[in-house]
Amino acid sequence: MLEGRPDTGMARLPVLTVVALVATCAGIYVASQFLRNSVGVIAPDLARELTLSASEIGLLSSLFFLVFAGAQVPLGIALDRFGPKACILASVSLAVAGALLFATAGSFAELLVARLLMGLGCAALLMAPLALYARWFPPDRFATLLGIQIGVGNLGTVIATAPLAYATAAVGWRNPFLVVAALVAVAAVLVAVVVRDNPPGRRVAPKRESLADSVAGVAQAIRTKDAWRLFLLHTSGYAMYATVLGLWGGPYLTHVHGFELAQRGNMLLLLAATQIVGSILWGFSDRVFGSYRVPTMLGTIGSAALLLFLAASGPLSDTGLMVWFAAFGLVAAFPPVMMAHGKSLFPLHLVGRGITLMNLANMGGVFVWQALTGVVMDLFPASGGTYPVTAYHTVFALLACTALVLTAIYAGARDPRREP
């Protein structure tokens, strides 16, 4: 799906056309990141209003990641058959429906359906823009455009922290999702007007690959030497950060440290902001170390060490919490270099499928960990909806220890920067 390599240069395209295309594609990704991470801040409010257990909150948050992951391989086929624009429009219609249902839900079942629609609705909002960029721009601009797409999109993660907390305190947790639904609907209109599958004067013919060929290609990617080691680590690497930011960070701050809605929003905002900075810094790490494996292991071991520190500590001071959340955001931002390592293992004709598999592991891993940690939390008796500090310590330790085991397995992976 990323094979298109137009020979047109960016300089030949009208500036306003380029700006409109990239701004529209990056803007809709903001919505994806917001919806993905929106449960963490409002989890205590959801639990209180709808009488939800920790297992239910965990499933509610993680379901987004399950359907997102499951949609990746079919999405790749759809991009080739129907084009990026059609995939984006189909996706955003589901995202709007999911946000509306979430805002009006009166039961756990309705919330689950809403999260399912959100996950499906956001599944194309990164890969479809990347397919567009591959068609519109020369290869040497692709990394820059990818950085813009992810960097702008991460504003959605930031909005899902303190801004969502303040909005929830002011107008309740439902109204922000009505606003997001309206904004995504407006974005859909912009996509319909602004986005074209191909640049002016050029048409990239769609690939008519059969389903059997697609499956065979995925099987080839799976058999690539050492890909399984990267796949396993991907199930844990991003999940550490996503489980803290998107699920248990907010309840931990409330139940263990007594933080109110605005306070926990600010702390999660710090985590999200430092993660954006960390992503930029880690992006240079493979060149600094001359290796993919070394910085990836530093990131996983460092993240696990911080989680183990939190698991072994008593309640921290407000300053101590700020230091911890800032450090965790910086250190846990290593997945881009891990993804780059995975990409480097695949031959050129399998890179697209290989990256899709790694993304499946990323999102599927978050689903497993968020659902599993919800079950773990419910093993500890809650008093008035408040879980004991031991429950959180157990979750953090489980995340950390699993990451360390998978890092040890990953250590045997070939590093193309050192072992071509």
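Cβ atoms here come from the backbone N, Cα and C positions, even for glycine.
Just so you know, TrEMBL annotations never went through curation; they're auto-generated.
So that you can see what the record holds, here are the features copied from TrEMBL:
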{"type": "TRANSMEM", "residues": "12-31", "note": "transmembrane segment"}
{"type": "DOMAIN", "residues": "15-418", "note": "domain 'Major facilitator superfamily (MFS) profile'"}
{"type": "TRANSMEM", "residues": "57-79", "note": "transmembrane segment"}
{"type": "TRANSMEM", "residues": "86-106", "note": "transmembrane segment"}
{"type": "TRANSMEM", "residues": "112-133", "note": "transmembrane segment"}
{"type": "TRANSMEM", "residues": "145-165", "note": "transmembrane segment"}
{"type": "TRANSMEM", "residues": "177-195", "note": "transmembrane segment"}
{"type": "TRANSMEM", "residues": "230-253", "note": "transmembrane segment"}
{"type": "TRANSMEM", "residues": "265-284", "note": "transmembrane segment"}
{"type": "TRANSMEM", "residues": "296-315", "note": "transmembrane segment"}
{"type": "TRANSMEM", "residues": "321-338", "note": "transmembrane segment"}
{"type": "TRANSMEM", "residues": "350-372", "note": "transmembrane segment"}
{"type": "TRANSMEM", "residues": "392-413", "note": "transmembrane segment"}
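Residues 233, 236-237, 240-241, 244, 256-257, 282, 285, 324, 327-328, 331-335, 337-338, 341, 389, 392-394, 396-397, 399-401, 403-404, 406-407, 410-411 of the same chain sit 6 or more residues outside the transmembrane segment (296-315) yet have a Cβ under 8 Å from a Cβ within it. By the Cβ criterion (under 8 Å, sequence separation of 6 or more), the transmembrane segment (230-253) is in contact with the transmembrane segment (350-372), since 3+ such pairs are found. Taken together, the residues of the domain 'Major facilitator superfamily (MFS) profile' (15-418) have an average pLDDT of 88. Outside the transmembrane segment (392-413) by six or more residues, the chain places 226, 229-230, 232-233, 235-237, 239-240, 243, 248, 251-252, 255-256, 293, 296-297, 300-301, 303-305, 307-308, 310-312, 341, 345, 369, 373, 376-377, 379-380 with a CB less than 8 A from a CB of the stretch.
Among 57-79, 86-106, 145-165, 321-338, 321-338 has the largest number of CB pairs under 8 A with the transmembrane segment (265-284). Only pairs six or more apart in sequence are counted, and the transmembrane segment (145-165) with the transmembrane segment (86-106) gives fewer than three Cβ pairs under 8 Å, not enough to call it a contact. Stretch with the most C-beta contacts under 8 angstroms to the transmembrane segment (12-31), considering only 57-79, 86-106, 112-133, 321-338: 112-133.
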